[in-house]
Amino acid sequence: MLDSSIVATSLYTIGAEFESKGLINWVALAYTLTYLSCAVLFARVSDVVGRRNAFLASFVIFFCFSLGCGFSQNLEQLIACRALQGLGGSGLYSITMIIFPEVSPKHLRQHIASLVGMVIASAGVLGPVLGGILTHYTSWRWIFWINGPVGFVSMVVFYLTWPQAKHLPSLQRRTWKELDFVGSFLLVAGSVLVVFSFQNVGSDGDKWHRAIFIVPVTVGVFSFIALVGWETLVARFWDKRVMAAIPIRLLRNHVYVAAMLHTMFLGFPYLLVVYAFPVHLQIVNNKSSLLAGILLLPMLGSVALGSTLGGLVSKNRNLLFETLFTASCFMTLGCGLLTTLSPSVELEPKALGFLTLIGFGFGLSATSATILGTTESEIPDHGKCRVSPAPLLSPLLTEHSCSPGNHRTSPYSRR
């Protein structure tokens, strides 16, 4: 989770080293694109090869290409390695979401979901903080190299502590021919094409009426429509023979769909702030990468507090609706107040207070939505319930505007 946002405070430095502003946003976007669009596929692959094997394979992919990112000699190499790093990260994320409920006692699943939500929310802010520290004191390359030793230790610990077969639930091993290749292709195609079109508009606002925007976004939207139609056919005719990429029964659950949409709409401002604010601090306020990361610490603290409270308030009584509504109010208030900031070079201290409101709101939301996803999905679906289309699109559609290349005051243009 850290690597999805760790580059936020390093984009400025990376762009300066490679003397590029047109492609620098793809350093962030390439990872997130593969990270989220392939998560469903990895979840299904784990049904075929087993959870442990799929998780270890994801580890290897992630950490090999993390090192590749650190050794990249040009921006194109870095973007390619980030995309492949995201492929491994997608497996680590989605399979973790499957393993936790399967190996946890039923009476502890809500608490596990609370912890997962806390990790998800906190990692988004902790990433830029850690990235800023490493970039300032060492090099931006260390935000990738550090994954080597940390990853090796984590992989060994995971392998040695994996429960014995008798302590694992008895699950039917599926075959390769049961994978939903059509659904997975439509999901990836829709995500990639929609993001590609908006990315091009983000880098050049004069492309709204051009084919390079209209064609990909149209095909992408139709891919999502075709995905829903295909999954409906799978559910009706081949439910026992094909493992649906997106189980249609989840989309028929109005409570789950509401939580999914809530996650999407709150994900927009949260990820926008996590990426844009550190870049704004460096470009407009002339802050270092270290200070840009440190100034996010109040937001990190409020995220942790919100995540903790989000789990506690529903411990003995179902207050998820009230919690999600409160989360929306906090985030709306925080985002609205951010618009009152002046465009001056000096950073206004009240901005940090506004960030704490956003962080607290998202912390409440992340924990509550994770609990809701766990309780509203059946055991066969709990790995897919958090990687479905709506949460998928949220970060993909926001990142295109959050990099130095898209700031009209970018110092790269003045070099």
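For all residues, glycine too, the Cβ spot is worked out from N, Cα and C.
Annotated in TrEMBL:
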- 1-415: domain 'Major facilitator superfamily (MFS) profile' (DOMAIN)
- 23-42: transmembrane segment (TRANSMEM)
- 54-73: transmembrane segment (TRANSMEM)
- 79-100: transmembrane segment (TRANSMEM)
- 112-134: transmembrane segment (TRANSMEM)
- 140-160: transmembrane segment (TRANSMEM)
- 181-199: transmembrane segment (TRANSMEM)
- 211-234: transmembrane segment (TRANSMEM)
- 255-277: transmembrane segment (TRANSMEM)
- 289-312: transmembrane segment (TRANSMEM)
- 319-339: transmembrane segment (TRANSMEM)
- 351-372: transmembrane segment (TRANSMEM)
* Surrounding residues of the transmembrane segment (319-339) on its own chain - C-beta under 8 Å, 6+ positions past either end -> 259, 262, 266, 269-270, 273, 306, 310, 313, 350-351, 354-358, 360-365, 368-369, 371-372
* Structure fact -> Long-range CB partners for the transmembrane segment (351-372) (under 8 A, at least six residues beyond its ends), listed in sequence order, are 110, 113-114, 116-118, 120-122, 124-125, 255-256, 259, 262-263, 266, 269-270, 273, 277, 295-296, 298-311, 314, 320, 323-324, 326-335, 337-338, 341, 386
* Tertiary contacts of the transmembrane segment (112-134), as residues 6+ beyond its ends and Cβ separation under 8 Å -> 1-10, 96-97, 100-101, 104, 140, 142-143, 146, 270-271, 274-275, 278, 288-294, 296-297, 299-300, 303-304, 306-308, 310-311, 359, 362-363, 365-371, 373-375
* Residues of the parent chain within Cβ reach of the transmembrane segment (211-234), under 8 Å, 6 or more residues beyond its termini -> 180, 182-183, 186-187, 189-194, 196-198, 200-201, 242, 244-248, 251, 389
* pLDDT averaged over every residue in the domain 'Major facilitator superfamily (MFS) profile' (1-415) -> 80
